[in-house]
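The structure under discussion appears below in the form of structure tokens.
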């Protein structure tokens, strides 16, 4: 019979064969799968576009004219190289994430070939892909006192295959009315700074104020393109610089008196802010302590501009050792939150110090669905929160205006999330703090919530003894998850024990990007393969590979209280109903391991609701066609400690009194497994400790004509007030933060 074709059909399961990504490992691809379903390199680039990428798996006729079409609407010109390999140029996009594209070889009549391109935030592309503003500060302060002379731009000249290049200036602006339907974003070509210069990788010039009204553009970017293209032509091979404050091209009025120029701009910004809605009411409050901020990984992520793991270089936040940003933009205004902490782990507030954290009218990372202000990744934020910082704080001395509009949030309404974990020969720690061991073999529901249709499922596989035979215990080998109609993420050990992350059944590659903006979630992978999934509800899932089994932690914000079920229990602060079956009957807290085995088996999933990918014979036979909970596999419930067993002595010195470590050494006969269990157990205890709620009484001001000592506003802290010479203090001269969240005493005055 005739075979089906993958032309126009990538991702589909056809009647005789498959065009789905799993077909390669299952061996049921249509014969032309590799021709039509494209693999590309590189797979990612800046949302600014202009990146040339290679189509790896398909040879085109060298005379073919390629047209590449992104999102079914944006067309760019492709080309075929001498070796018959096709190339596309990525377009300027106002969004991040995986963007579908198609390729035509018949001048755009049909687009049978398809693939995906990953568009990323402009700060996330490698330095080789950008041109570099040498001494960037000089560019951004040019024309202010003591900053003049030449500026230099460098780039990797091999990145553009041309002998001569042009350097263009582009500006960013937003038009229309704020927060209305007609509010639009635009990158606009302004003028060409240098034409037909040799492509040596370096250009030095003395800036002169831009002609005409171009000097009103104060935020923009440089683009280097081959000279063979026309000025400002869109979606052609390009190298972009960092986005920056265009001080160096501003007009004569700026150069004559930068302070007056910037002061006027700052006042104009301040007047504009006055009329805009107050976004600060809807952004999440900051965690009270650095420990909380680093533990709440579902809702907060390191701010790259001030990172304790990279030596705390905190240029904009003097006195801080670490800052975090809220991952999700606020619901209505898409605003962002930032929180900074000092070396004692205490929050730094702008009311007390210029090093304090400042919230953002525009979230730096943008927010879905992107495309329009205030949700444009990076650039909306620059326009509302960064260029205004230059006006008020860096180019003039009016920072108090900026800080008045962007004061730090304290932590009075912050509530830490609850954590549940599973690790080792699986030991489960529930949201309400119970722990049990369940050694079933199969696929189970770990947590499900009717609040956001969150589902996290786990697969266990039999452990292996050092001699290669099966152990009498199991461990997590895969975890799959989804919330509402988000992308599906699965993290698993492959058969050769590599950690794999699958996005909608396709194995992801983190070689270019370790952070991905996906549908309904963000995904982050550290170099040592700690995977964090951050769902839009604020739920966080952390997974790491550990001694052959996965370690899993799920963090749920307070709004999930009374909305969970599964092996991780009913999150409601009450341990009595932790072991609740699907039919709502419960086991007592001190149930036996055999009873808990029944409880675990009750939460096995079904093929209809499974989120897992079955892309090998082994997985199909054992988990898809096999039982979801193996009735024949019976684990050890009480491993025997034989005093004559030489392993027991080593176990005792490794594990001490840790029961989970001891259990795992005995069931797997491996000290390495026992040790990773011990560490996971320790990490879980630390995490729970770091997530303890902290009482904050909120910021206190110093009295007029007086000062205060102390900037810590958490439980037990005392603030002391003093009056300036010649003034006398009435009210309390010291106030202490009490358990109720109120300060003792009365407001002092001088």
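Even glycines carry a Cβ here, placed using N, Cα and C.
TrEMBL annotations:
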{"type": "DOMAIN", "residues": "2-41", "note": "domain 'SMB'"}
{"type": "DOMAIN", "residues": "258-406", "note": "domain 'AMOP'"}
{"type": "DOMAIN", "residues": "418-611", "note": "domain 'VWFD'"}
{"type": "DOMAIN", "residues": "695-750", "note": "domain 'Sushi'"}
{"type": "DISULFID", "residues": "723-750", "note": "disulfide bond"}
(request) Count the CB pairs under 8 A between the domain 'AMOP' (258-406) and each of 2-41, 418-611, 695-750, then give me the winner. (result) 418-611
(message) Looking only at the domain 'Sushi' (695-750), what is the model's average confidence as pLDDT?
(response) 93
(request) List the helix, strand and coil residue totals of the domain 'SMB' (2-41) as derived from DSSP. (result) 8 helix, 6 strand, 26 coil
(request) Show which residues of the chain containing residue 723 (disulfide bond), separated from it by at least 6 in sequence, have their CB under 8 Å from its CB. (result) 703, 705, 706, 729, 750
(request) Tell me the residue counts in helix, strand and coil for the domain 'AMOP' (258-406), as DSSP assigns them. (result) 53 helix, 17 strand, 79 coil
(message) Test of understanding: give the count of other CB atoms lying within 10 angstroms of the CB of residue 750 (disulfide bond).
(response) 18
